[in-house]
Amino acid sequence: MQLLQTFSVLLASVWVAAAQSSVDQYITRMTPISKRGILANIGPNGANARNAQPGVVIASPDNDPDYRFFWTRDAALTYKALTEQFTSGEDTTLRPLIDDFARSTARFQALNTPSGSAASLESLGEPKFKMDISPFTEPWGRPQRDGPPLRATAIIGYANYLISTGNQTYVANTLWPIIKKDLDYTARFWNNTGFDLWEEVSSSSYFTTAAQHRALREGVTLAKALGQTAVVADYEKQAANTLCFMQSYWNPAGYVTANTGGGRSGKDANTILASIHTFDVSAGCDAKTLQPCSDKALSNLFQYVNAFRTAYALNSGIPANQAVATGRYTEDVYYGGNPWYLTTLAVAEQLYDALIVWKRQGSLQVTATSLPFFRTFSSGVTAGSYASNTATFTTLTTAVKTFADGFVSVVEKYTPANGALAEQYSRSNGTPLSATDLTWSYASALTAFAARDGYIPSSWGAAGLAVPATCERNTGGGGGNTVAVTFRAQATTVFGENIFITGSVNELQNWSPEAAVALSAASYPTWTVTVNLPANTRVEYKYIRKNNGVVTWESDPNRVLTTPASGTFTQNDSWR
Ligand code: NOJ
Ligand code: NOJ
């Protein structure tokens, strides 16, 4: 018996060693493949992006779905990863490519887009551009308000490095104007709704709010370093407001609700991505900013992961303390609603980040909130603080490391022989699906691997923050006042057809055809609706027809009105 036990302990440790070395081998193999996968999708030298302008990152070379576009979120997150490689000295050759990104950003920041005019800054919420940096003008889930803060964060990382190496002039003259536009936009519009990172739900979204908060905080620090004091008070105030708003997404059932709209469970990779992309080691395990090791973030991760245990056939039979394939959210149907490489890797990354902090601070805290998470690994554990010389610390951190590696192993298992990372892998058999060679999948591999290696990204100011006692909610554009605007549109319609309005502001559903505001046919053929719009604001809009789900837009250009400072206003139009 004794012998048998010793033998099985030995077997188990051999097995653990084998599993770990397989993850190590996978990482060694995938690191250069991922890097090449990213560079191949950046114009004009990337093999898949010859027709793209310098600094343009295509989301994927695939034409079905057609991802040959410059998506601002994918590009910013990718450039954040590249910038970290550059500033940490891991790859000193990346500088020209990073300069290209700043230049390409400046180019599209100057354009009017379907999200609005450049003068009003609303254009900056545009989610994607063509690879020649011209606007994409077809219907889309717009605006998406995470692009500007994510871009600001990527470029600020570069700016801080340049300042530290004595190149303040380039930062002040070239980078700051680019960063400032995105931060001004963020400070002004953070409280307006927009589409989430998955481009589906128009509401407020945790990932977006968290990205906005981070960018404003590091924007304040950079502004001060550059002597740009005029913006500081506003950015500071809106940063405090976003931090306040972030707290409201917490569901006492133990997770962060991804979106204020959408009608889903709210368990979503959105919040895992928010945690890893706002990791700041100096904030320890603070839950206010959902730091990776905070009790709320761990509980959230636990519930998010568990939601997928029964969602996919691929996960059946996997024990509750082991990693599974995860996707965007369990209700997903996009391209079959499968697991995604980047979401599965994000879970691993959050856990690796947590391990970095626990090791650094030499202790680990278990609270009532994080207890269910920790109990999966050690059923007898109780709430308390465990110093690094305790057995509990060793047991829990070892288990968390194994759990984290498990997510990399899942990805490894469903990576094809050539190492190509698509967007999704099949929920039934793990074969790659949807867009091929997704830039973001490769970037997520690099950042997860770096976290496993102990890489600590630069702090952005998450330490020691206080949540204001009352949350203020500005709405961009109108300074708070609204005006009742009555739209009267002459339109003859066929039976079953109805008229709606959508446009460039929150109150007109931000150009969403799905969420467009219905007009009443009570005075047919005049269709009417009264909407409270921000005062003193230039608003673009169009009427649309909907018939059994088929949407017909009015012809271009967009209609424009500027709301008065107060009172009411009537707008007479006829269908065009
Ligand atoms: C395209 C978006 O990229 C994707 O995220 C979304 O699920 C589909 N449109 C459906 O709305
Ligand atoms: C669909 C994803 O939902 C969205 O987040 C991404 O930006 C685009 N595809 C492009 O990769």
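Heads up, the Cβ atoms here are built off N, Cα and C, so glycines get one too.
Here's what TrEMBL has on this protein:
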- D196: active site, proton acceptor (ACT_SITE)
- E199: active site, proton donor (ACT_SITE)
- W140: substrate binding site (BINDING)
- 477-576: domain 'CBM20' (DOMAIN)
- 1-19: signal peptide (SIGNAL)
DSSP helix, strand and coil counts for the domain 'CBM20' (477-576)? 6 helix, 56 strand, 38 coil
For E199 (active site, proton donor), what is the tally of other C-beta atoms lying within 10 angstroms of its C-beta? 16
Length of the line joining the Cα atoms of the residue listed as 'active site, proton acceptor' and the residue listed as 'substrate binding site', in Å: 12
Among W140, D196, E199, the recorded positions whose C-beta sits under 6 Å from ligand 1: E199
Integer Cα-Cα distance in angstrom, the residue listed as 'substrate binding site' to E199 (active site, proton donor): 8
Enter the number of other CB atoms within 10 angstroms of the CB of the residue listed as 'active site, proton acceptor'. 27
Starting from the Cβ of the residue listed as 'substrate binding site', draw a 10 Å sphere and report how many other Cβ atoms land inside it. 19
Averaged over the domain 'CBM20' (477-576), the pLDDT of the predicted model comes to 86
